[in-house]
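**Q** Just passing along the structure, written as structure tokens.
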Amino acid sequence: MLRTHLAGELRPDNIGDEVTLTGWVGRRRDHGGVIFIDLRDRSGVAQVVFRESEVAERAHDLRSEYCLKVTGVVEARPEGSENPNLASGGIEVNVSALEVLNEAAALPFQIDDPSTSGEVGEETRLKYRYLDLRRKTQGDALRLRSRVNQAARGVLAEHDFTEIETPTLTRSTPEGARDFLVPARLRPGTFYALPQSPQLFKQLLMVAGMERYYQIARCYRDEDFRADRQPEFTQLDVEMSFVDQEDVISLAEEILVAIWKEIGYEISTPIPRMTYADAMKYYGSDKPDLRFDIQITECTDFFKNTTFRVFQNEYVGAVVMEGGADQPRRQLDAWQEWAKQRGAKGLAYILVGEDGELSGPVAKNITDEERAGIAEHVGAKPGDCIFFAAGETKPSRALLGAARGEIANKLGLIKEGDWAFTWVVDAPLFEPAADATASGDVALGHSAWTAVHHAFTSPKPEYLDNFDENPGEALAYAYDIVCNGNEIGGGSIRIHQPDVQERVFKVMGITEEEAREKFGFLLDAFAFGAPPHGGIAFGWDRIVSLLGGFDSIRDVIAFPKSGGGVDPLTDAPGEISAAQRKESGIDFKPKKGPQGQKEK
């Protein structure tokens, strides 16, 4: 090794030791010919001092991010110059030998200056990601990710799981998003697809008798770029045979407990559960943030005989903003703009005065009986503001769900370090295909119905006999885990019987011929004694970003794409040469037969 110690691990116990350190020049200070440098390596920082004339003279030429090797004796810092913010802040190294391992060009941004970290644009940070990762916060994010990987692997090893890699080059199968396609040079005109998930292969592994599988899997989805999405991402993928929902949830909770321990937090188990129906009814979201106690109150029946036309609708609901009655008019107007940005016409409101009197546009338009009872109905007290949404049920609840989050932020109800987990169970098995398309997903199949999760999710046992007769009523044998309003994992008990799988395909409008073409290998496998099985996949990037307190998953990915799906570092995606196009067969056109049909 080129060094004897790590810079950040030196302590007063090392005083008197001769050490050799390696690292990069951070802050540099020149005090009357004595040069002080913060030398940084992966462990942290140590102050090294150049006092001797020869090395001090050479140290004058050192600049930020020069890569150095220094040898010297560990000494106590002079009294009063200790740095309590550094683990090594009680010592310094008096350098006797200096070797410049490599010089550094002028920096595009400062590495060690926290005051400039927010001023550097993300495109610049990603273009020079290898410099960005020298920053402690960014480097620590990847080290945290590594520890989380190890913690999860430890739990799975204790339960006798086998880590298995599934193919990255496979065939295109409809799974809810667009595939990334790779031309097959040896079979011109044909393409591999990068997997959107290991779903089909892990089910095949259950048929193969592996029983307990996991993988930290790379997944790829060619979807429109939304906020904080990546075209390639990572999930912890787990599958088990001969299990029910309780078995999978129990294991998943063990994994979550282990990885949250990495940041010193103890998750209380069993984690609470709520049904999908309750999540939508009370929180307006299938991933409710439970760090604050604000719920939606349905008012549809309360206003069933109203004369107020706005509330003569399919659904009326409300959320209460405690102390919100004293908001100035400009703030109430800002709420209207906020709602319009989310596709609503506005956000109706009632202000409850300190004397209990109601005011605001809604209060003037409802009946005396409605005015007398609305505050009690929604749980509003004097000084509160009641916000309403009316219209179609789903978008109205979604608006109120977003409003409860906005209220929590404005009132400071979310405290740093708070964690709230819940399982959301009993989601619908199918949803209208139009709803899936409207939300930006790809609706599988060709009927009015598509799968909410994926086409291989089993109906709950009580719906097995009639799910295809009433698709809108059937519930999925599925479970999602939510943390602080983020879905961090989801899974289900899978279909393992060929006839059930074929019935699901039929509901979705996937013909028998299409099913054989796309999923024939899976259907064939089911014919050979496929066991009951189920599993879960955790969104690994999201989990690590939550653990590290990052706003974006890009901060916990070594070399992420920008918001537009571009890699500023390598400038990918890029064009390919004419020779590459020809060699890959990407422009291959099948010959046509006598009747103009493509030859096979």
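Here the Cβ of each residue, glycine as well, is placed from N, Cα and C on the backbone.
Quantities reported herein were computed from a predicted structural model and do not represent experimental measurements.
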**Q** If Swiss-Prot gives Arg221, Asp222, Glu223, Gln230, Gly539, Trp540, Asp541, Arg542 as binding ATP, which of Glu165, Glu487, Glu583 does it give for that site as well?
**A** Glu487
**Q** Region 'Aspartate' per Swiss-Prot: which of the ranges 43-46, 199-202, 275-278 is that?
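**A** Region 'Aspartate', as annotated by Swiss-Prot, spans 199-202.
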**Q** Under DSSP, is Trp540 (ATP binding site) helix, strand or coil?
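**A** For Trp540 (ATP binding site) - judged by DSSP and reduced to three states - the answer is helix.
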**Q** Over the residue list Arg221, Asp222, Glu223, Gln230, Glu487, Gly539, Trp540, Asp541, Arg542, recorded for ATP, what is the maximum interresidue Cα distance in Å?
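**A** Among the residues the record ties to ATP, max Cα distance equals 20 Å.
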**Q** With Arg221 (L-aspartate binding site) as the reference Cα, tell me which of the recorded positions His31, Gly80, Glu487, Trp540 is the closest one.
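**A** That would be Trp540, the closest of His31, Gly80, Glu487, Trp540 to Arg221 (L-aspartate binding site).
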